[in-house]
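Below: one structure in structure tokens.
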């Protein structure tokens with residue numbers, strides 16, 4: 001088992017094969033929201049006209065969308081809107097070049113050169129007092145133009161990066177929005193029989209405050225990192241961006257039945273996930289007795305109606321349904337499906353083979369460290385490893401091992417595996433960290449070196465807020481201060497398995 005795991009890590013890091021080819025067992029996951037990209041301007045309409053408020057509007061919109069759909073799709077949807085806003089702002093600032101402010105003659109560099117020539121001729125005629133002013137105007141025009149070009153680059157880079165980072169942060173808000181979260185849910189169900197109090201509702205309550213706070217703190221940090229954009233006038237034409245957003249909003253028109261029905265289906269799915277088996281009340285899953293439907297049952301239920309309900313009820317019989325198979329074939333990221341399934345298979349294999357148990361026992365020698373120190377060290381290590389290894393692969397490797405380590409240290413396993421799962425999504429420093437980073441880096445021509453500093457700042461912010469959340473809200477929701485009975489059962493099973501293995505080895509069987 002260990003050599004299989006090592007070979008997969010090597011193949012993932014070296015990128016010698018496509019990531020989706022490295023996995024074999026798919027997990028059923030379909031994108032249910034196919035029209036949310038059209039609704040982005042409706043959310044952005046509330047943004048103000050200053051560039052920093054526009055950035056906050058982009059980040060909050062991206063965070064909200066990535067809560068329900070994958071980060072890659074969210075980032076791809078936001079790119080055309082960011083393009084349109086930036087094009088309008090930049091055109092408003094640079095289209096006439098602001099060269100006429102000092103005496104008002106020059107519109108172009110060519111005009112500036114003519115002014116310089118006239119100053120030379122007047123200097124030769126002896127009127128030196130008139131010659132100095134136009135020359136200084138030409139020099140200041142060129143220096144101002146260079147400064148504004150730098151500001152244009154800074155503004156563009158900050159907006160694109162803010163979208164990618166908000167997508168990565170927002171993806172941690174629900175159990176279904178990121179691969180590591182799904183693998184965490186799988187580990188909980190397979191290792192502990194689903195007994196730990198992690199479900200859609202409890203995770204949403206736990207993660208939402210940290211996600212929202214992280215986005216606001218990251219936005220504030222960006223105002224410091226990219227503070228030069230407002231100092232030379234780029235924010236004076238923010239109304240141009242507002243105009244673009246208003247135009248996009250007007251082009252949407254009223255919501256039709258198709259869009260409304262998809263929204264209702266999404267809300268239905270979220271409610272089914274939240275109330276399947278909540279720990280504070282009796283969920284709908286209890287009505288099925290021993291069948292014990294899972295989250296996939298709710299997803300398939302909603303998908304069935306997406307394929308049945310007509311998109312236009314006035315044309316029953318001829319209208320296409322809300323979702324068609326052709327759309328699924330074209331827009332479903334099949335590689336992500338294989339990647340998710342491969343992560344589940346690898347997590348199960350590490351458990352069945354005993355690799356996670358063995359590695360957890362080896363790491364138990366760190367019991368001299370306090371639990372908080374262990375959580376911090378592990379979270380930081382995972383957060384940096386996920387920069388070069390996919391977040392799902394990182395979660396697949398570490399979550400089973402950390403679950404066993406927590407059991408050996410007599411800690412609540414959720415105290416370690418929840419921070420580890422969240423840290424797997426904190427890849428901000430390199431384009432290869434997440435598909436969202438890669439999309440933004442390629443689309444905006446952002447070099448890897450330009451992502452390292454802001455990515456490191458965002459990583460530190462997210463880790464700190466996550467550690468505070470797990471030690472405050474997490475303790476209340478998941479009862480992390482106690483060693484639960486379901487973890488004791490796993491510890492007893494490990495002891496029994498070790499005894500049986502030793503007995504079989506002695507008996508020669």
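Glycine is no exception: its Cβ is also placed from the backbone N, Cα and C atoms.
Pulled these from TrEMBL:
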type	residues	note
TRANSMEM	16-36	transmembrane segment
TRANSMEM	42-69	transmembrane segment
REGION	108-132	region 'Disordered'
TRANSMEM	158-180	transmembrane segment
TRANSMEM	200-226	transmembrane segment
TRANSMEM	257-275	transmembrane segment
TRANSMEM	295-311	transmembrane segment
TRANSMEM	374-402	transmembrane segment
TRANSMEM	414-432	transmembrane segment
TRANSMEM	452-478	transmembrane segment
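Are these features on the surface or tucked inside, and what are their neighbours?
Counting residues 6+ beyond its ends, the transmembrane segment (158-180) has Cβ neighbours under 8 Å at 29, 54-55, 58-60, 62-71, 74-75, 78-79, 82, 85-86, 198-200, 203-204, 207-208, 210-211, 214-215, 218-219, 222, 225-226, 229, 273, 295, 336, 339-340, 343, 390-392, 394-395, 399, 421-422, 424-428, 434, 436-437, 439-440, 443-444, 446, 451, 454-455, 458, 462 in the same chain.
Listed by sequence, the residues of this chain that lie at least six past the ends of the transmembrane segment (200-226) yet keep a Cβ under 8 A from its Cβ atoms are 52, 55-56, 59-60, 63, 67, 154-155, 157-158, 161-162, 165-166, 169-170, 172-176, 181, 270, 273-276, 278-279, 295, 422, 453-454, 457-458, 461-462, 465-466, 468-469, 473-474, 477-478.
Packing against the transmembrane segment (295-311) from elsewhere in the chain are residues 28-30, 32, 175-176, 185, 200, 257-258, 261-262, 265, 268-269, 272-273, 276, 319-325: each is 6 or more residues past its ends and has a CB under 8 Å from a CB in it.
Long-range Cβ contacts of the transmembrane segment (414-432) within its own chain (Cβ-Cβ under 8 Å, at least 6 residues beyond either end) map to 164-165, 168-169, 171-172, 178-181, 183-184, 187-188, 196, 198, 207, 371, 374-375, 378-380, 382-383, 386-388, 391-392, 394-395, 398-399, 402-403, 405-406, 438, 440-442, 446, 448, 451-452, 454-456, 458-459, 462-463, 466-467, 470, 474, 478, 480.
Within the chain, the transmembrane segment (452-478) has long-range Cβ neighbours (under 8 A, six or more residues past its boundaries) at 161, 165, 169, 196-198, 202, 205-207, 209-210, 213-214, 217-218, 221-222, 225, 372, 375-376, 379-380, 383, 412, 414-415, 418-419, 422-423, 426, 428-430, 433.
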